[in-house]
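**Student:** Per Swiss-Prot, the features are:
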type	residues	note
BINDING	C83, C86, H87, M153	heme c binding site
TOPO_DOM	1-7	topological domain 'Cytoplasmic'
TOPO_DOM	26-192	topological domain 'Periplasmic'
TRANSMEM	8-25	transmembrane segment
Amino acid sequence: MNSYVNMGVGALLGTVFVLMSVSIASEGIFHAPAPEKEGYTIVAAESGGGEAGGGEAAAAATPIAKLLASADAAKGEAVFKKCTSCHTGESGGANKVGPNLFDVVNRPIASHEGFSYSAGMKDFSKGASVHWDYDHLNYFLEAPKKHVPGTAMGFAGVKKETERADLIAYLRSLSANPAPLPDPNAAPAPMN
């Protein structure tokens, strides 16, 4: 072998030796033992109280009956403008992406004629035996997909309690015979 080949092989072996030495040294310096259980533990404070389901417990902070006692249907009409891209509210109004909401309070859920409801909404309605009472409207309008899993409604919800109460008061007014307001001292109905 000539000296140029010996120099090349020596340089290659020297480089491999240096890299291996650095690797072994850094493994010794920066060694991290394997965890007993893979993953990270995230410690977070529990939010809101009580029942599983969170959204229902949070919405129950102030019962809708108490909020409706001071709700303003005129303010609710302004909130309803968010809904008009998908819903109508006049008597005999057409269905859009969502059903017409005239006389919706106390109407059986998923029962409006001429509208094709999602499977999630039909399941939730239990064959139209569940009604849009004030509590169901309150929980649904807070977070539609959380209250009715599988609903096709793409609206994120109305987070502020007072805005929801105003909107429900306005929806109540969309009727020839508005449903009576609930007793503000009554306990909220349990959600299924």
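For all residues, glycine too, the Cβ spot is worked out from N, Cα and C.
Situate these features within the shown structure.
**Tutor:** For M153 (heme c binding site), the count of additional Cβ atoms within 10 Å of its Cβ stands at 18 [all protein chains shown].
Counting same-chain residues at least six beyond the ends of the topological domain 'Cytoplasmic' (1-7), none has a Cβ under 8 angstroms from any Cβ of the stretch.
The average pLDDT computed over the topological domain 'Periplasmic' (26-192) stands at 85.
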**Student:** Which residues in the same chain, at least 6 apart in sequence, have a Cβ under 8 Å from the Cβ of H87 (heme c binding site)?
**Tutor:** K96, V97, G98, P99, N100, L101
**Student:** What's the most sparsely packed of the binding-site residues C83, C86, counting other C-beta atoms within 10 A?
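**Tutor:** C86, out of the binding-site residues C83, C86, has the fewest neighbouring Cβ atoms within 10 Å.
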